[in-house]
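For reference, Swiss-Prot has these:
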type	residues	note
ACT_SITE	304	active site, nucleophile
ACT_SITE	355	active site, proton donor
């Protein structure tokens, strides 16, 4: 689109490729090759371009303002690699140096200047992956995500984080070995503190240089795709860093943030909230995420802190009701609908995932029916309930068995993703393994049971790094994972267990083919409170099934009986208590032939030994003839 159309659509909130208009761009004007610079600062008294090519303040270049509040200038002084900023004079007369909000490259800390660099055109080799992704989608495919903080998965001997060139060599083989389908990174956009988690951003188009270069991340994504691994990145469109040299009060007045002081300030996080109803902000944010999807070939976006965008009273600070007297933030609601509409029109096969904890808004519902249009929502209720249950002494579990079963009441009210994320292994919450009840042996048994339950429960899966091998200490963002734990036999066996469990998940269609309706699950018994045993069936469209049985008590149950719908010889295909994974069983249960006899609504029974704190999964090995009628369900 030409410059006039780019400017018009920016002001109407319809420019979703803003990086082609604002920022620095190499152009030829009147026979001179140079760079055009454009920045939105509608209420600034003046804006000057300064940088290496002006000797900074000595020869700063004045910029001209157009009718939409965009300041621009063309100059042939800059060269590739030069650093620049905008010197913005506010209405008060104060001058302040600001970053270029559209910069793709920022200088290394402690500086925050933008770097003039021509974005190279990558010749991608992942066409087959993208074609398969488009053909298959993801709703009826396995999705098992390994969540990673790029700065602390592994570190160099000098304590510096791995670059993505290093992660390409180490992390991708690990993902393949561990049989994950996707990897999700905490924010990779530029943020002020390199050792932070990255959720207060300053550069929405810039790659965080702590982790290397944009080109290195492109190569990482490509290599993931060549190894059949999808890549998801966290994105924060609700709030941004309060740092003076970034987006905050860019021209001296509320520019990217709300006009109202209390709405603009996120008191709980010490950040500023985007004015999601402002057209220019919508163009900026949607352009940001489209750029990341297009430039890096991302397979999914996890939108952080959605509740903060939906509810006026989400923060701990003062708030004012909306025009209807309620707490709904209509600007945030409509922005998220529009965001998903735009992304889905361009990339229907890219996952849009919401981190959202309330039940007051339909997050994954159809936009036409009032939903927000996300593909998945984190199931925070399930996660909180299930962790509380597994931390509890088994003596009391029968009184709280509803913590395990309650999710079946609402499991398909949204398209859920089941997260054991970074948020659950910090700030004194203990690591996932350390949360488990009992001594060291029982903690590992509990963790094997828990991860198997997550894999069998309807919904896509996410596990934060370190939990796969039972790291004992909490996650520390300034240190690498406790890889030395793997010198311990129990941790090494736990790692092998998780890798095998992930492969089992991928190889068994009943666990993922029907994740969005009750057609994919049938409860056998959710009422065995006294023994703390839960059993259900996962199914495919063709009727293939897995019988999943979970013993949440440290008591081995011999001659344990459940009902099954089909007369058959059944074989145990999964047992969490095998010796090779740290348990005490030397081998699986023997195959068992079902017996005729009514058990609840089931015409057949299956009797076997259920391991203590164990999970046992069975499948049909061979059907047999029976006079009994099939289960009426």
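Quick reminder: no glycine exception, Cβ is built from N, Cα and C everywhere.
There are 21 other Cβ atoms within 10 Å of the Cβ belonging to the residue listed as 'active site, proton donor'. In this structure the alpha carbons, written CA, of the residue listed as 'active site, proton donor' and the residue listed as 'active site, nucleophile' are 5 Å apart. According to its DSSP assignment, residue 304 (active site, nucleophile) is coil.
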